[in-house]
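Taken from TrEMBL, the feature domain 'Anoctamin dimerisation' applies to 66-289. Summarising the annotation, TrEMBL assigns domain 'Anoctamin transmembrane' to 292-875. Look at TrEMBL and you will find 303-329, 381-401, 465-490, 510-534, 557-578, 677-700, 728-752, 831-852 tagged as transmembrane segment.
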Amino acid sequence: MSENDIFEMDSVSDTGELEGDTELGMIDEEVVYPEEFLPTYHSIKEGTRITKTQLAEFNNKPDSLFFNDGVRRIDFILVYEDEDKKDYEKRHTFQRRKRRREYFEASLMKMGVELEATQSVIDEKLMFVKVHMPWEVLCTYAEVLHIKLPIQPNDLSSRPSPWRYFSCITKHFYPNEELISKETEYFTAPFEKDRLDYFYIKDKDVFFTPSMRSRMAYYILSRAPYEIRGNIKKFGITKLLDGGVYKAAYPLHDCRFNVRSTEEGCPNERFLLYEEWAHPKSFYKMQPLDLIRKYYGEKIGIYFAWLGFYTIMLTMAAAVGLGCFIYGYKTQETSTWSKEVCDPEIGGNIVMCPQCDRFCNYWRLNTTCESSKKLCIFDNYGTLVFAVFMSIWVTLFLEFWKRYQAELEYEWDTVEFLEQEEPPRPEYEAKCIYERKNPVTGVKEKVPYTACGRCVRVSIGMGTVLFWILLILASIVAIIVYRLAVFFAFSKKLRNQDLKQLEPLKEYVTPQMATAVTASLISFVVIMILNILYERVAIWITDFELPRTKTDYENSLTLKMFLFQFVNYYSSCFYIAFAKGKAVSYPGQPVYLLGKYRNEECDPGGCLFELTTQLAIIMGGKAIWNNIQEVLLPWVKNLIFRYCTRVASEKVIPRWEQDYQLQPVSKLGLFYEYLEMVIQFGFVTLFVASFPLAPVLALVNNLFEIRVDAWKITTQFRRVMPEKAQHIGAWQPILQGIAILAVATNAMIIAFTSDMIPRLVYYWSFSVYPYGDHSNNTMEGYIDSSLSIFNTSDFSKSSVPATESGLITTCRYRDFRYPPGHPRQYEHNVYYWHVVAAKMAFIIVVEHIVYLTKFILSYMIPDVPYAVKEQIKREKYLTQVILHETNLKLVTKRLKPFGEESVNDTEVKLAMEELELDF
């Protein structure tokens, strides 16, 4: 090798610009570093020498995951823009950023991290900093983070699958085993450097997986200082990204998603995930959860495990709901109630009272014929059975998920994750200026606020949350006022018998239906707009509260966002289900909202169909909007970015620069994915009595959601930062709360929103109290008995119709009141009180039966399977044995200095007994 074939990696021009691929560490003369950083600076400034031949070979490997030497693996990438190539006017800001960056990189090297920089192929202003974690550093931080690693292969035989007899069929629904082979199971223990010999290490290069290496690298990046001013120490890559010092920081994908890498030793896990998981052709296959967890980390893995389990459980609910819907659809024509409404001799002769003051006209009951038939699809006895079934289903779902989650916790080594000390967030550590005594350790520690300061922060946060919830409720009131105002206009137009242009649709378009559809659309738009505001407010409040750990931060933000979303999405549904039409009095003395708007009334069959319409619009619109946000926007952004930064075909784009062209991962990660699914879970469970097709829609949406999310994170986004997670976090108690609330809401919907209880009272009352002409066990005459009579001469001056016809002396309205001329005219009759008593009895009985069943199921189904408990005990035993052997060797070493002859059998035996007592 000649001297001409060797050149210095570090070369600084007279202007201070970096030339070529550079090993970081050069610092500006104006920057003053602490003395402990100077040795690191000088050692790096000497540079690394490589041959031009080696560099040429490297440039022909665009998917290389190593430094220029081809030996050191890239564990993280930092991207910044070279300030020396910027305009002179902004040079001061750029110099400050440069000083911070150089200090930060010097800190990283002082902590043992190795760095290497290279210039962008596309944009000469961009610099990519490669981060490598040496073996000693990996061992140190693996112990700090309590990472569990293999100690020996799992010797417990797993129970055979009950589906093994159908393997010739089921194998087609699982990932190709030739591509994604089943991994060997190991017993694991928290890593300790001093006991390295007891861990199952075949090859140091692959002992720590890429996701582990990236997690440890990010831990260091989050705690390396970049500036010290007096006693104030500023640190963390997050602040540098927010301040523009770095443009991006991310771990590398191991290859292109659609092309297998030819690099030696590359596992091609991204390619395998795309082929067997994210590709549309694999939509029918089960998810390769172990590979997802290995590549993206436990947090991503547990999300997709939960989503897949939820989707599988939905198949049973969807099948029963679809059967209930088909039953209602088949019986809509034969329902006695709908027949009487549509019968010209019955419904055609019933004149209904105007539903608004002055401008509304009288109308015939048979004009609601089509909506009455549609109502029978959802308001039937099958709905009652389905509501009870869903209350049991949600319990089974949560209990079986706990068992499945326990299995994943063991397989993925997260059983004791939360028992370990989770490190504080860098944002928390940066503001620790007060001292307090730790009540557990008794040691003084730094905290960012006093007890009084914490109370102030929490109080301000709670006040802000309450204010925004009231703002949501104000928007709902505004929509209610819109409904009242617009209903009058629709009633005036659509009840006009001379309106020829709507003649083909007059049977289907009623004032209630037109108002419900337009109000639902407006409500959906308002929900989407407010969501954007709530997100920023919730993040600001949580940042202001300054939670200590990342888990605390996520739990606090989760609770706030769900509370916002719960009120935002469900408040309009609660209004229709439990408030609309419940306080309208009777035509001669209506109830007014704000003293001006007359309260809305439901159709003669109730408000159930309107609630169904509201749910269908919000669920459908939300699914479409989310897919646009999650799929279309990232794809379009990446397309535009590639077009704007396209390069000549002869230039080879390295792996780190290919990933930089992808979309950055959101700071909140999976938060929005969980939130979307939990809100959907609420629609499926809370209001399922009004919409049996909700599980069907949710199932179809989730089948797409799994593959869309998989395609999105595999092809359109940079690699997600791998994180540990034991379970789904704060979403678990939220799901349990929804499950408990769902029993009450569904029972109340059947009792107060649907017309089922009055029909049952009428149906079974022939032997106790025959209402009207009802003298046999049928539903004949129910319509007449469910509508009260009003004398048109009793209208008040403000509510009398402007187009009143003298031929109409009485009209009917939905209520159970005594007729005019009765000593207690317009007061509630006995039938009303019987119905109220039946509704209350129904709610109490159904709730107690369902809650008792839920309690029994929860007690009978253990949260952790027996086989998993055995494996956990076995693993703990092996860990104790290893600790025992290690401690025994330490005792032997301590005794040896006294001479071999002094170490008698009695002393060794006593030492062993002492160790055994410890266990």
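Each residue, glycine too, has its Cβ placed from N, Cα and C.
Count of Cβ pairs under 8 Å against the transmembrane segment (303-329): among 557-578, 677-700, 728-752, the largest is for 677-700. Between the transmembrane segment (557-578) and the transmembrane segment (728-752), the number of CB pairs under 8 angstroms, six or more residues apart, is three or more, so the stretches are in contact. Panel annotation: around the transmembrane segment (728-752), residues 302-303, 306, 383-384, 387, 390-391, 394-395, 398, 405, 551, 554-555, 558-559, 562, 577-578, 582, 608, 611, 674, 678, 681-682, 685-690, 839-840, 842-843, 846-847, 850-851, 854 of the same chain, lying at least six beyond its termini, place a Cβ under 8 Å from a Cβ of the stretch. Listed by sequence, the residues of this chain that lie at least six past the ends of the transmembrane segment (381-401) yet keep a Cβ under 8 A from its Cβ atoms are 306, 309-310, 313, 316-317, 320-321, 323-324, 327-328, 684-685, 688-690, 692, 695, 735-736, 738-739, 742-743, 746-747, 749-750, 754, 756, 846, 849-850, 853-854, 857-858, 861, 863. Across the residues of the domain 'Anoctamin dimerisation' (66-289), the predicted structure has a mean pLDDT of 83.
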